Amino acid sequence: MWGDSMRELGDAMDNELNAVKPVVEEGGMDGARKFIKGKSFQKSSTEHMLISPGRDGSVPLNGLKSSPADPHLSDVNSILDNHRGGGETALTSVNNIIMATSTNGDSDGVDGDAKRPSISNCSSRSSFFDTVLSTFSLKSNSQDTVTNEVKNIEVQFASEEANKKFRQMFKPLAPNTRLITDYFCYFHREFPYQGRIYLSNTHLCFNSTVLNWMAKLQIPLNEIKYLDKVTTNSSAISVETVTNRYTFSGFIARDEVFQLITRVWSKENLTNINDVLEVDERVSKKKGISSTPSSIFNNVSTNAYNDFISTTTTEPTSRASYMSENDMLIEEAIRSVDDYMGTPRASPSSSSSSSSSSSSLGSSTTYYCRPVYRLKPNAPFQYEGPFHVQETMDFPYKPEANNEYVLLERQFSVPPGLLFIMMFNEDNPVFELSFLKTQDSSNISHIGTFEKVNKDGQHYREFQYTKQLHFPVGPKSTNCEVAEILLHCDWERYINVLSITRTPNVPSGTSFSTRTRYMFRWDDQGQGCILKISFWVDWNASSWIKPMVESNCKNGQISATKDLVKLVEEFVEKYVELSKEKADTLKPLPSVTSFGSPRKVAAPELTMVQPESKPEAEAEISEIGSDRWRFNWVNIIILVLLVLNLLYLMKLNKKMDKLTNLMTHKDEVVAHATLLDIPAKVQWSRPRRGDVL
């Protein structure tokens, strides 16, 4: 019975809608009002359709007529004043359907009117024709309501100093962005990152510095779609945008934080909606476009009628299946107005405006910073190579396997290419000149560029200098001829430089040459440099002083390498600084691979090394030095205890010798001892009077 009634009602509404459409298009507002007041359904058929049967099949007749005492019909009384006695209009029929579908039809003694929801308190249950009329006029009071709600939301901004620090921390922000407050929390990705969340009037930002890595997160408020309290964590808040979902936890007072974020977020969204309505109105006036009645029927939404039933009744949505396709026009007209006036279902105009507004303020971006070592502005060098790489590799050449003596293998806080430019600079070889002067060298010729090419296609350069010799016999100085060959130069992988030094003025000087190899590569983090130095003596003829020459060369190379390390540290400290570079992509942690194969760089998801942090190699060296220092102190203490123990044993030994001597000569001591005759008892008498003492 209920299904038949709904189908009949749908047919009646379809006829009513088809009849009102041409009248509205021709007569405008006045024609629509006259038609609504003059047109009515047949009362008998309407009553038949609107009566909801009870459990026993009886049909209650109360509650169907409009009267001032019935609050559920108060919204339509003003429209139906002239037609109460003549029959119920289509407007009354629509409203009565809403009430009938919201009533369960139970006859348990509870009045059916008490169960009906109030139409006046629910904007989504407003009557169809009232909605159509409101669409013609584009009610301005709805915009005023939005504006008033925005004005009523009061927030207190942070101080100017805090706002200045906030803008320095998050620079790509709109000029009108102001900080409201910030909270300590954890940002969850693969693992929680400790930091602070910053709430402004336009953005929700997060900054973290954990494990020497840094991340910054900026979420425009107008891109946030949902805010929720995480049920599994009593201190967590979930923020969801169109593309991502972010979880923050560790709030001391989550409810207060959630309430403030929600208020600011609501204010931003309401302001955007109000701006959209004002812009649309100005554009319409500027172009001379008026909201004609025909536009209501041509620009309706495409929402299904079952959504309308689900929002106006507590009954299951399956009742919508009994409605005809033409009934959707009623829902479309209602939804078109609700969507346009800023209900939770966003209209296309508001979506496009929101997207354009978000593009002007920047999208939700997460960017990372990594530590890099750069040249200071006062550095006399120029370097245009990479400061960080994603993949590193070991040296493809092994000096140990080629009978070369390794002098050094150490890490420096500088990119390999930058260290190479510093040590073998072509335009300003200040480092090499300083190093040669520390080795008692003079008369240094011009150190040019690697423009010469040998038969193997390798670039090299040559220069000469005079070196003082400190040998007890032989010449006091010698001329040194140096050829520096660039064997391999790839700033993203490794660099190999071979320095050949000949000393023709020394004994057997034409029979040998000293060859020093300098190899540069990236460290495992892809930020610093591993410098490896080795040497060997290359003989082209035999010599009877070969062992002595090799020994002197080795000692001289070891001493020169120590001076070289000190000079490198001075130059790095003077001309290199720790800086930050924006990381576009991040790679996973490196894996230990075989010799010569590429490996991933240690680049965690959030990156920023603090300036005061030490490189790993320096930390290890300092730790080893402290261990050696503790070891030396332990040895000293043990040595002192051993000396004291030895002294005590010597003293004890002397005492034992004395006791032994006494035991050996005890008879002689007794024989030479003087005997004393001590009487056992001495009698004393009291002197009498007259005795002379």
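Using the three backbone atoms N, Cα and C, a Cβ is placed for every residue, glycine included.
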| Looking at Thr292, Thr343, which is the one Swiss-Prot tags with phosphothreonine? | Thr343
| query | Which one of Ser126, Ser363, Ser594 gets the tag phosphoserine in Swiss-Prot? | reply | Ser594
| task | With Swiss-Prot open, pick whichever of Ser159, Ser234, Ser413, Ser591 is annotated phosphoserine. | result | Ser591
| Do you know which of Thr271, Thr585, Thr593 is annotated phosphothreonine by Swiss-Prot? | Thr593
| query | Mind checking how the domain 'GRAM' (164-230) divides into helix, strand and coil residues in DSSP? | reply | 9 helix, 41 strand, 17 coil
| Looking only at the domain 'VASt' (403-576), what is the mean pLDDT? | 90
